[in-house]
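According to Swiss-Prot, the protein has these features:
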type: BINDING; residues: 9, 10, 11, 12, 13, 14, 15, 16; note: ATP binding site
type: BINDING; residues: 11, 12, 13, 14, 15, 16; note: substrate binding site
type: REGION; residues: 34-37; note: region 'Interaction with substrate tRNA'
type: SITE; residues: 99; note: site 'Interaction with substrate tRNA'
type: SITE; residues: 121; note: site 'Interaction with substrate tRNA'
């Protein structure tokens, strides 16, 4: 039976660099599991190094146009296809990224909930944009008391709950009970690059400075030219929001950098918590890139024997 390796960890921990070294040593296939690195035309703001976008060993990087509607369900289907193709070629395979919802879907599966019609999705987005998260949350709560389980700051979850109820008349939580999740792959091994926070923060800060000094501002100008809705996933990416505020004249460029650094550190803090609580008990946590490279090379070599 094939074993699927998943490499995750907080933002800026060095997952991509580890995957590059392992791919070069073993010739394995790397499949993206970062919900922002799927997008085309914005490599700097999403930290897509050139090798991620150009090497045939690296899959599902920079392949979705920012204006396209995309979801975790679509990503899971794309990822399953790429994994099975790699296994057909007898290529060792690692799924790499830090997006919790994507990782969870790959490990635990998704409930089979009917998709919403396009006009309902548009209605949900328009309402959220008009009234804001708090009022939108309260409107949902009147329909379904279980909505209290949703973080009102999470626009994607609020929108999905609205869409499901509007489309089917049934709560998304009821659908999840009716349609239990089915694991896409039974044999997964999760490896977590987990550096100490005090080591991660300087890397986050320097990475944001490098992004701004490169082409991040031009990329955000391009996104703004597309007239995407404010709640489009790429428009909510850390770095994008702050640069938009700068381009609109609301803050200075140094203030935008500071805000992006602060928001990225807060995001990393949430990732640390999620990684400790939501992964399988046998997930392997390692603090350094060197240890993770050694571990993955060893485990992949053993598995291929």
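Using N, Cα and C of the backbone, Cβ positions are placed for all residues, glycine too.
Where Swiss-Prot records a feature, it is marked here on the structure.
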residue	record	Cβ contacts under 8 Å, 6 or more apart
9	ATP binding site	15, 98, 192, 193, 194, 195, 271, 275
10	ATP binding site	98, 193, 194, 195, 200, 268, 271, 272, 275
11	ATP binding site	98, 204, 264, 267, 268, 271
12	ATP binding site	200, 203, 204, 207, 264, 268
13	ATP binding site	98, 193, 194, 195, 200, 203
14	ATP binding site	193, 195, 203, 289
16	ATP binding site	47, 49, 52, 96
99	site 'Interaction with substrate tRNA'	33, 34, 35, 36
121	site 'Interaction with substrate tRNA'	69, 159, 163
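The residues near the substrate site, meaning same-chain residues not in 11, 12, 13, 14, 15, 16 whose C-beta sits within 8 angstroms of the mean position of the site's C-beta atoms, are 9, 10, 17, 98, 193, 203, in sequence order.
In sequence order, 98, 193, 200 are the residues of the same chain, not among 9, 10, 11, 12, 13, 14, 15, 16, whose CB sits within 8 A of the CB centroid for the ATP site. Along the region 'Interaction with substrate tRNA' (34-37), the predicted structure has mean pLDDT 97.
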